[in-house]
Amino acid sequence: MTESPKHNQSLTYWIAGAIVAAIAVALTAPEFAVHFEIGGELFLRALKMIVVPLVFTSVMCGVLGLGDVRQLGRPGATAVGYYLCTTVLAVVIGLIVVNVIRPGVGTVDPAVLEKFAQGAELPNGQTEAPGMGVVLENLALMLITDNLFAAAADTQLLPIIVFTIAIGALMTTMMDRVRSIATLVTEANDLLLRFVLALMKLAPIGIFCLVTARFGKAHADGRFFEEISQIGWYFAAVIIGLAIHGFIVLPLIYYVVTKKNPYHYMGAMSQALLTAFSTASSSATLPVTLECAESAGVSKRSTEFVIPLGATINMDGTALYEAAAAIFIAQAIGFDLTLSDQLIVAVTATLAAIGAAGIPEAGLVTMLIVLGAVGLPLEYLGLILAVDWLLDRFRTAVNVLGDSIGAAVVGTTIPDAEPTTTT
């Protein structure tokens, strides 16, 4: 279930207009603007309310879409491995770029930093960050919980995602006995997606309130232009990361596997990439992506299997964006995330990408997951939402590029498939 391109365009225009109006209100009446915070808080609470059940059903549907995991074979294993590896690479690129550029560094709000630091102190009187061994041990413990319901209540989504992937994979091997459960999960996912679609109709209002309150407070404190500068550098950092992944990493993978010119192939996919940019929806772009990939010489068997699969479980651009945004927000409050925290961000962004591609406005929903994993404050979402509507288009184009290159890569593992002819 996806939004129509026309609906996506309309929502984008409304959000852009809301952001312009929010900045105008914040500049002209900062004391009044801060009172809009309650509206933004209600919008975020509505999103958080739906996150846990939506992650469960969406990730489950993504895994069920693979079919019997025992029957994936070499092409299926290659596709899943490719998508997992490229998502991890995208997250690493996002972390590196934002740590190098440090777009969020600036004047720190002491109240916010103190509030966050109180919940982030090292336990048992430790005076320094733990070593790599302890970091990996803690990360492993975070992936498995001894109480799934407590994890859900605390919005600890990593163990929920791991549990869902494991149960989903097991269900694919016994579909004849659990078909009714699979149907229930699918229908529940459709219902939750309809709820999110309805909620997204209120997104312009919610984003207006968040941005108005954030910039109103910044203007009242004399930090408005500093935060605008931070947003500009953040935007540049994400674009640089997406460019590295889209123009260097993915083409390099294509060249190594197919021995063909990747940029000629990207040119053949240009219509799909432009459609992805204009609609901000990889699912809405799917028919164009299939047509372009087949026209570029990728086998029909490969495109019909890999590209729809990618539209379900692959979100390279979004995963990169989420990782970068989490570090940016930490920098904005003056808190340096430890290596352990950044590993948690990386793992969360990677796992959340498995099923989040089917979620409308997936970037906003998965952002709550990533921030919640390391306990970062949600009030700074107003900063990144000011440019999220535009970045969404760039990261969607990267998502679609990753899907199409994946089809070409997997096409080389199908014996009776014609090799790609783009040279």
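Heads up, the Cβ atoms here are built off N, Cα and C, so glycines get one too.
TrEMBL annotations: computationally assigned, not manually curated.
Copied over from TrEMBL:
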- 12-34: transmembrane segment (TRANSMEM)
- 46-67: transmembrane segment (TRANSMEM)
- 79-101: transmembrane segment (TRANSMEM)
- 148-170: transmembrane segment (TRANSMEM)
- 191-213: transmembrane segment (TRANSMEM)
- 233-257: transmembrane segment (TRANSMEM)
- 343-359: transmembrane segment (TRANSMEM)
- 365-391: transmembrane segment (TRANSMEM)
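Ranked by the number of CB pairs under 8 Å to the transmembrane segment (148-170), the listed stretches 12-34, 46-67, 79-101, 365-391 are led by 46-67. Just going by CB pairs under 8 A, the stretch in 46-67, 79-101, 233-257, 365-391 that sits most against the transmembrane segment (12-34) is 365-391. The transmembrane segment (365-391) makes no contact with the transmembrane segment (79-101): fewer than 3 of their CB pairs lie within 8 A, with pairs spaced 6 or more apart in sequence.
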